[in-house]
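Following: one structure in C-alpha cells, then a few remarks.
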Number of protein chains: 2
Amino acid sequence: MSSPLLEQLIEAFRVLPGVGQKSAQRMAYHVLERERAGGQRLADALAAAVDRIGNCERCRDFSETPVCPTCSSASRDVHQLCVVESPADRLAIEQATGYRGLYYVLQGRLSPLDGIGPAELGLDRLASRLAEGEVSELIVATNPTVEGEATAHYLGQLARQYKVRPSRPTHGVPLGGELEYVDRGTLSHAFGSRSEMS
Amino acid sequence: MSSPLLEQLIEAFRVLPGVGQKSAQRMAYHVLERERAGGQRLADALAAAVDRIGNCERCRDFSETPVCPTCSSASRDVHQLCVVESPADRLAIEQATGYRGLYYVLQGRLSPLDGIGPAELGLDRLASRLAEGEVSELIVATNPTVEGEATAHYLGQLARQYKVRPSRPTHGVPLGGELEYVDRGTLSHAFGSRSEMS
Ligand SMILES: [Zn+2]
Ligand SMILES: [Zn+2]
C-alpha cells in the first residue's frame with residue numbers, strides 16, 4: 001500500500017462491529033476522498049467519547065456526568081424501575097414507549113459459564129436501591145433469550161425479597177429476539193401489556 | 001439520549017459509507033462497551049490520516065510523502081503506466097497481478113454532466129508525463145462502465161498523440177462492473193490478456 005498511515009487507518013476501522021478488511025478499506029478511501037471534515041469530526045467525537053463517557057452511578061447507563069440526565073430528572077416517576085440488558089435496549093424502550101419511570105442498565109446478563117454473576121451486573125447496587133423503598137414496580141425487560149429469561153427469573157425473586165412487584169413485558173417480543181431489534185409498535189404493545197411475574 | 005457526547009458520536013459515525021442511524025448506534029455502543037482502546041486508536045489514526053495524507057505529485061494516489069513509495073521505487077518498470085480511476089482499483093491490481101510498472105490514479109472519471117473534465121482528472125499532468133518519452137505502454141484500466149469506457153477512449157487518443165501504445169484489459173471484467181469488486185483471478189487474467197486499443 002502507498003501509505004503506512006492509510007494502512008493503520010484501515011486496520012483501525014476493523015475495530016468496528018461487522019467491518020472486515022474490504023469495508024474498512026472503503027471507509028478509509030471514502031473519508032480521504034470525500035469526507036475529510038467529517039473524518040476529523042469523527043476522530044474528535046471518538047476521542048471525547050472514549051475519554052469522557054463513563055457509567056451513571058444510579059442506573060449504569062452511559063453518561064458523561066456522575067448521574068445521568070434521566071436519573072437526575074425531576075419529571076420521571078421514581079416508583080417504576082425498568083431493568084434492561086444494554087443501553088441500546090434502554091434507548092429502544094425510551095423511543096418506542098411513553099414510559100416515564102427510571103431505568104437500570106445491567107450492561108450484560110447472567111451467564112455463569114462466562115463468569116458473569118450478580119456482582120458483575122451490579123445487582124448488589126440494584127438491591128440497595130430496592131431496599132430504599134421508593135420503587136414499587138420493577139419492570140424486568142431483559143431479552144426473551146435463555147440467558148435473559150434466567151436473569152429475569154433472578155430479578156423477579158430479588159424484587160419480591162424487597163416487597164417490590166416484578167412485572168415483565170411478555171407478548172409480542174419474539175422468543176430469542178432482542179428488544180433492540182423489535183419494531184416500535186410491537187415493543188410499545190409488549191411494554192404496555194406487561195404482566196406480573198409469577 | 002443519556003449523553004450529548006454519545007449523540008455526537010453516533011451522528012459522526014454516519015459520515016462512513018453505508019452506515020445509517022442503527023449501525024452508527026451499534027458502532028458507538030460497541031466501542032464504549034468493549035473497545036475503548038481500539039476506539040482511541042481509530043481516533044488517532046483518523047486524525048493523522050486526514051491531516052497528513054495528501055496525493056502523490058507523480059501518480060495522484062494517496063501518499064503521506066510528496067512522491068509515493070511506488071513512484072520513487074527504483075525497482076518499478078518506468079516504461080509501463082497503468083491508469084486507474086481510484087486508489088482502490090490501483091490496490092486491487094497491485095494485489096491481484098504481478099504488475100511491476102507505475103500507476104496514474106485519476107481520482108474520478110470523465111463525467112461532463114457533473115463538471116468533471118480532463119482538467120479535474122489531472123490529464124494535463126498525464127500528458128506532460130507522456131511527453132517526457134519514458135512511457136511506452138499506457139494500460140487503460142478504467143472501469144467497464146459507460147463513463148469508464150468514455151474515459152478510456154479519451155485516454156487512448158491522448159496516448160496516440162504522444163506515440164504511446166494504449167492497451168486495455170478487456171476479457172473477464174463484467175460490463176458495468178468495477179475493478180475493485182472483481183475477484184483476483186479474473187482481474188489477473190484480464191490484466192494479463194490486455195489488448196491494444198483500436
Ligand atoms: Zn442514570
Ligand atoms: Zn505516486
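Using N, Cα and C of the backbone, Cβ positions are placed for all residues, glycine too.
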Query = Which range, A:56-71, A:72-87, A:136-151, A:168-183, does TrEMBL list as zinc finger?
reply = A:56-71
Remark   = In the zinc finger (A:56-71), averaged pLDDT is 94
Ask   = DSSP helix, strand and coil counts for the zinc finger (A:56-71)?
value = 3 helix, 2 strand, 11 coil
